[in-house]
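> Please read through the structure below; I'll follow up with questions.
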């Protein structure tokens with residue numbers, strides 16, 4: 001099987017123009033098949049307040065009403081996605097930008113309302129990924145760039161978590177590619193001491209994972225990320241890597257997570 | 001050569017939700033290869049004024065400064081394009097939305113400043129159309145949906161006239177397809193009496209065109225449209241049709257323009 005790198009960047013990079021440009025240059029230099037997934041960024045909230053749409057948050061998560069969905073569709077799938085694509089094109093990287101609605105690439109189901117109704121938020125699953133069309137695009141030597149907007153196939157767009165899109169794409173495409181899933185962060189990777197870049201853990205696997213948890217080296221926000229990583233590995237993703245965005249061109253940087 | 005229909009709709013349809021939905025349903029029912037190009041609409045100006053961006057017009061044409069380019073990129077390539085795509089998907093039409101930057105599909109050059117500097121506006125030419133990738137997408141049975149945003153290949157997006165995109169796509173793709181270029185209007189087509197739908201001119205060709213001009217049947221705003229149509233025909237487009245959006249599924253409706 002051909003190798004495929006699936007790389008996710010978040011708002012921390014999107015919001016910093018010089019960091020973003022530098023990242024896109026490095027991303028362009030990566031050889032072989034690759035897919036970029038980008039998150040949102042502060043610009044949606046800034047534009048929203050200009051337009052009189054106030055961010056409605058619950059425990060750090062945005063509640064997506066219709067006005068907010070329009071806003072994130074404009075900003076994520078329009079402004080950010082097309083500018084990222086244009087900047088990649090300037091680096092001779094034949095990027096093509098998508099929402100999940102385009103080509104029916106990613107269908108989602110509305111997140112069920114429990115204690116909180118998150119509104120027009122889509123949950124994605126492996127079965128919702130259109131591997132046939134995505135592999136067709138990769139065969140045309142195109143570089144897909146996904147914004148975190150999906151659809152239900154019945155005309156409704158959804159706001160969707162970009163980390164989850166990345167992992168679901170990675171799992172689904174593992175049936176045809178040897179996939180490495182890369183999450184770009186501000187830190188060098190998973191650190192034993194979160195304030196000390198010299199304490200990078202080079203590899204996490206099923207053998208040392210539990211002891212790292214017990215020692216407290218892995219805790220808090222990193223735990224769900226690693227659970228997601230192991231879930232991807234259990235669905236035939238070959239490797240997951242957590243690394244600093246600035247090191248994306250270095251295929252050995254960061255923390256490698258393997259079975 | 002395989003037939004290909006290239007269909008353009010403007011703001012008059014985009015701005016009218018029920019007319020748009022009805023059009024998209026009819027468009028989905030058209031068999032064979034097809035491409036949709038959509039213009040902007042009032043929503044960009046409405047959102048712009050909410051965001052404090054005032055439309056700067058010169059003789060009915062928008063001057064595109066950086067803030068306006070961001071606005072139209074969001075609204076045209078994001079909000080409108082993704083909603084159109086999602087609505088087509090709901091009709092089992094495998095639409096995929098694009099700006100010209102995506103897949104380097106349409107490159108443009110900045111319009112030179114003469115008496116007026118239109119700002120970040122791109123002019124497109126046949127040579128700027130990436131026929132190889134567009135035909136690759138059509139071979140994957142995808143239905144391209146273009147927003148009127150292009151790029152220069154060096155990282156700059158441009159606001160671009162949707163009518164011109166449609167004609168340039170038609171001319172460029174005529175090397176591989178038997179292209180019919182369709183402009184959707186409010187009226188039934190070219191009318192001898194603009195206020196009377198019963199005076200539809202069924203066919204305009206190089207033989208009756210001059211006499212229609214001399215009799216005054218074709219005048220004013222219709223003249224440049226017909227010049228564009230004959231230019232397309234001179235570049236191997238098989239036929240141009242001007243018709244009412246409501247009749248798009250009827251392949252014999254409107255005014256047929258042929259050599």
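Glycine is no exception: its Cβ is also placed from the backbone N, Cα and C atoms.
A TrEMBL annotation is a machine prediction, not a hand-curated record.
Annotation source TrEMBL lists domain 'Aspartate/glutamate/uridylate kinase' at A:5-243. Summarising the annotation, TrEMBL assigns site 'Transition state stabilizer' to A:8, A:225. The substrate binding site annotation in TrEMBL covers A:40, A:41, A:62, A:159.
Structural setting of the listed features?
The average pLDDT for the domain 'Aspartate/glutamate/uridylate kinase' (A:5-243) in the predicted structure is 94.
Counting only residues at least six positions away in the same chain, the Cβ atoms of A:36, A:37, A:38, A:39, A:162, A:163, A:165, A:166, A:181, A:182, A:183, A:184 sit under 8 Å from the Cβ of residue A:8 (site 'Transition state stabilizer'). In the three-state DSSP scheme, residue A:8 (site 'Transition state stabilizer') falls into the strand class.
Within the same chain, residues at least 6 positions away in sequence whose Cβ sits under 8 Å from that of residue A:41 (substrate binding site) are A:11, A:14, A:15, A:75, A:80.
The number of other CB atoms found within 10 A of the CB of residue A:225 (site 'Transition state stabilizer'), across every protein chain shown, is 17.
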> Quick one: Cα separation, residue A:225 (site 'Transition state stabilizer') versus residue A:159 (substrate binding site), in Å?
20
> Any idea what DSSP makes of residue A:40 (substrate binding site), helix, strand or coil?
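Assignment for residue A:40 (substrate binding site) reads coil.
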> Excluding A:40, A:41, A:62, A:159 themselves, which residues in that chain have a Cβ inside 8 Å of the centre of the Cβ atoms defining the substrate site?
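Output for this site, in sequence order: A:11, A:39, A:44, A:72, A:75, A:76, A:148.
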